[in-house]
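These notes concern the structure reproduced below.
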Amino acid sequence: MGLSDYDDQVETGYSGNEEEDAASDVTEGHDEDEQMYEGEYQGIPHPDEIKEARRAARREARMKARMAAEVEEETLPEQYESIMEDCGHGRFQWTLFTVLGLALMADGVECFVVSFALPSAEKDMCLSNADKGMLGLIVYVGMMIGAVLWGSLADKLGRRQCLLYALAINCIFSFLSCFAQGYGIFIFLRLCSGIGIGGSVPIVYTYFAEFLQMDKRGEHLSWLCLFWMLGGLYASFTAWGIIPHYGWGFSMGTEFQFHSWRVFVLVCFLPSVAALAGLVFMPESPRFLLETARHDEAWMILKQVHDTNWRAKGEPERVFHVSQIKTPQTQDDEFIEIQSETGTAFQRFMVRHMTLVKQVMKNMLSLAAPDIRLHGLFIAIVWFTMAFSYYGLGAWFPDQIKYLQFEEYESNVKIFHREKVERFHFNFTLQNQVHKEGQYIHDRFINIEIRNVKFEESLFENCYFEDIRSTDTFFENCTLKNTVFYNTDLWEDSKFINCKLENTTFLHPKKGCHLNFQEENDILIYLVSFLGSLSVLPGNILACLLMDKIGRLKIIGGSMLGSAGCTFFVFLCFSQWAVVLFHCLFFAASAAAWNGIEVITVELYPASKRATAFGVLNGTCKLAAIISTFTFGKFIGITKIIPIILSLSALVCGGLLAFKLPETREVILQ
């Protein structure tokens, strides 16, 4: 065979014209021994083999593309970490730190507002014991709802945008609550205010963590926790300085009162206003923007961070070298945009928002995925046990101090038995007294205050009461003859129990329970809260310095077990100042645990679920606060054993379980 014939056969073998392809298709499946391809002797590949080789090459190319995409997805966190290291830590992070710190401070203030204002508010709004208990819990209910709501939305709408909405809602309803006169509207406004501020904690930590590089993350998130302490100090200090001055404010008759406690509530919403104003000038988290495929915006913000930091360090010539950011492969859903011609504006609105609700619910359910379910359960238990003890004892300590004060006060009560007072002018305060079987004839009680006084089976004849201000004063089984009450708050239907009234007259009685108050507020309670907030400072500083050195787990476990030890010694508290001491020790020991819990929560979850998970866990925390404050309050004056044992058990269980969590100290945010 000549060379030209060989070339022709090679060309024919590789060209695969239609007739030969048809012939090969016809003979497909026949016995190769009966029909043999003539080019086989020359080593020329069969056309079917060529097709198979091409198909295999295409499969291999697709496989390589998929592998490249997987590698790209896996390396996005590493690339983002490298970008943050290139941007450095400087002016931008410290500015954001201050703004987000104010938002966290507003959350700390919100936890104290109602408890400080309640003793005065109950007199202005005539609250029963049941109403007082509900008002104390409603803030935590709102914060629980807000944490879950805003945390979930922050993974879909953005960290900055949701935090702006949350703070705006808090500001509006906090301001309106200052002027609410009725109990119903006041409790509704405080609920809405709590829903707003409830979003601050889950969003603040998620937002700030996404601007930090790995070796700075633990320390600076811990420093951020100091602002919550500042919120408690701010609330305690302003309450101490404002509320005791009950005369501050104004009134319009008996229908509208604006006393000092309302001034305090008004002052307490200022941190939220400051945070809202600062947040307007902050950018969105670039990590969130990458999750939602908004790469250009993310690149611009990262460049802004880079330029701001290096310009402040005196190196404005430093160039931001990142030209392309890898695309995450986790984004599988986008908002459904409907063209204007496909439906009405209302229909488009409903579809978008129903889609958002479905996405949020899907994201929440994804927290139960097998790869994160077990660790999620462990961290939820740690959150619950820590909050159960912290908030429960935080409310129990002041109540226990009040009870010890009451016991001391009652032990000094003066008892007058069968005294007879005739034609006497009472012009001094009557306080902490019990009068039994006394006789008061032609006596005058004018322009005095009567506190914690009880008259039992006594006789008042031809007496005159004028301009009386009373607190916890009652007449029981008494007889009153020819007696006049003029401009007093000794009301016939509430202050006289099983009394016999003969020719007794009540003229111009004072209206409204706001007039039945004790002007001297208990300064010790404000001092206790102030010292308790201040005592967390050593624990916070220690956590900041050790968070990246010894790890999150040792911080959490050691702090919770140390807090359990402090709780055990509360058994030895038999005086007010002993309770104050262990109150401060408990808060100091538990501060580091809170820092570690919040840091590890940010680091456990990927960016697409981070705020949602934090919101759900923070909502769990508020649920524990509701349960513990309600439960512990029932044992005040009965026993201190049950609250202490419950707190001790919760702290020990949570502290030991914390060691089962994964250490995230050197883990890049996913």
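Glycine is treated like the rest: Cβ placed from N, Cα and C.
Residues or ranges marked as compositional bias 'Acidic residues' in TrEMBL: 1-10.
Here TrEMBL flags 96-665 as domain 'Major facilitator superfamily (MFS) profile'.
Among the features that TrEMBL reports, region 'Disordered' is placed at 1-50.
Annotated transmembrane segment per TrEMBL: 94-118 (among others), in sequence order. Residues 132, 135-136, 138-139, 143, 163, 167, 170, 190, 193-194, 197-198, 200-201, 204, 207-208, 211, 220, 223-232, 234-236, 239, 243, 261-262, 264-265, 268-269, 271-272, 274-275, 278-279, 282, 395, 398, 526, 529 of the same chain sit 6 or more residues outside the transmembrane segment (94-118) yet have a Cβ under 8 Å from a Cβ within it.
Positions annotated as transmembrane segment by TrEMBL: 133-150 (among others). Within its own chain, the transmembrane segment (133-150) has Cβ neighbours under 8 Å at 107, 110-111, 113-115, 118, 121, 127, 162-163, 165-166, 183, 186-187, 190-199, 201-203, 391, 395, 615-616, 618-619, 621-623, 625-626, 629-630, 633, counting only residues six or more beyond its boundaries.
Marked as transmembrane segment by TrEMBL: 162-182 (among others).
Residues of the same chain lying 6 or more positions beyond the ends of the transmembrane segment (188-209) and with a Cβ under 8 Å from any Cβ of it are 96-97, 100, 103-104, 106-107, 110, 114, 135, 138-147, 149-151, 154, 159-160, 162-163, 165-174, 176-177, 180, 217, 220-221, 224, 272, 275, 285, 598-599, 601-603, 610-611, 614-615, 617-619, 622, 669. Marked as transmembrane segment by TrEMBL: 188-209 (among others).
The transmembrane segment annotation in TrEMBL covers 221-243 (among others).
According to TrEMBL, the feature transmembrane segment maps to 263-282 (among others).
Among the features that TrEMBL reports, transmembrane segment is placed at 372-393 (among others).
Taken from TrEMBL, the feature transmembrane segment applies to 523-547 (among others).
The transmembrane segment annotation in TrEMBL covers 568-593 (among others).
Within the chain carrying the transmembrane segment (613-632), a Cβ under 8 angstroms from the stretch's Cβ atoms is held by residues 133, 136-137, 140-141, 143-145, 147-152, 154, 198-199, 201-202, 205-206, 364, 367, 376, 379-380, 383-389, 391-393, 395-396, 399, 601-602, 604-605, 643, 646, all 6 or more beyond its ends. The transmembrane segment annotation in TrEMBL covers 613-632 (among others).
Listed as Cβ neighbours of the transmembrane segment (641-659) (distance under 8 Å, sequence separation of 6 or more from its ends, same chain) are residues 378, 381-382, 384-386, 388-389, 392-393, 396, 553, 556-561, 563-564, 567-568, 570-571, 593, 596, 628, 631-632, 635. Annotation comment: TrEMBL describes 641-659 (among others) as transmembrane segment.
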Same-chain residues at least 6 beyond the ends of the transmembrane segment (372-393) with CB under 8 Å of its CB atoms are 140, 556, 560, 563, 567, 570, 583, 586, 590, 593-594, 597, 600-601, 604-605, 609, 613, 616-618, 620-625, 627-629, 631-632, 643, 646-648, 650-651, 653-654, 657-658, 660-662
Other same-chain positions with a Cβ less than 8 Å from the transmembrane segment (568-593) and lying at least 6 residues past its termini are 225, 229, 386, 389-390, 393-394, 397, 400-401, 404-405, 408, 524, 528, 531-540, 542-543, 555-556, 558-560, 562, 640-641, 644, 648, 655
Can you check how the pLDDT averages out over the domain 'Major facilitator superfamily (MFS) profile' (96-665)? 83
